[in-house]
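> Have a look at this one.
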Amino acid sequence: MNRLPLASLSRPIAAMACVIVLSNVLVQFPAGDWLTWGAFSYPLVFLVCDLTNRAVGVSEARRVAWIGFAIAVAVSAVLAPWRIAVASGCAFIFSQLMDIAVFNRWRQQSWWKAPLIGSAIASVIDTSVFFFLAFAGTDVPWLQLATGDLGIKWLMAALLLAPYRAMLPRLQAWVPVR
């Protein structure tokens, strides 16, 4: 299979990196006792990943995830505490690869199943890995924050079906195939 030119993937790569960096900064700020502000921005990475997967397939979606990961970890290492940057990187790549695999398994079903199921399963992995690595052993109530975070990610997975559906006819503009 021929790989797309990297320039064709610039939009999803940039979107992925921006969302991760923004979320790594926002996760440091509580939004009540059960959440951080990062819970609201992070689910957009699943939307970016799913649109990319739908547009150009599994191989290119993985490529976007790995490149977005590298950029975001490098920037996050400067903008966020090291523990958050490392936790974010580990959680991100495990959850994105899971989202891609689950999405691919469900891609032939109804339009909403692949993004919803993939995002829901990947959210469990992302939340578990991130909050454990970032906050275990600290005085941060990380189990409580992880519970709230996961709830918001599941809610966002459902809400982001609307923009996902709206973008389906426009995928050629999102990732130009040639």
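Every residue, even glycine, has its Cβ placed from backbone N, Cα and C.
Automatic prediction, not curation, is the source of TrEMBL annotations.
As annotated in TrEMBL:
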TRANSMEM  12-29  transmembrane segment
TRANSMEM  35-52  transmembrane segment
TRANSMEM  64-80  transmembrane segment
TRANSMEM  86-104  transmembrane segment
TRANSMEM  116-136  transmembrane segment
TRANSMEM  142-162  transmembrane segment
> Please work out which recorded stretch in 35-52, 86-104, 142-162 has the most C-beta pairs separated by under 8 angstroms from the transmembrane segment (64-80)?
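Answer, by Cβ pair count: 86-104.
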> Report the listed stretch (12-29, 35-52, 86-104) having the maximum count of Cβ pairs within less than 8 Å of the transmembrane segment (116-136).
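Comparing 12-29, 35-52, 86-104: 86-104 has the most Cβ pairs near the transmembrane segment (116-136).
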> State the residues, same chain only, that lie 6 or more residues beyond the ends of the transmembrane segment (86-104) and have a CB under 8 A from a CB inside it; answer 'none' if no residue qualifies.
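20, 23-24, 27, 45-46, 49-50, 53-54, 58, 61-62, 65-66, 69, 72-73, 76, 80, 114-115, 117-119, 121-123, 125-134.
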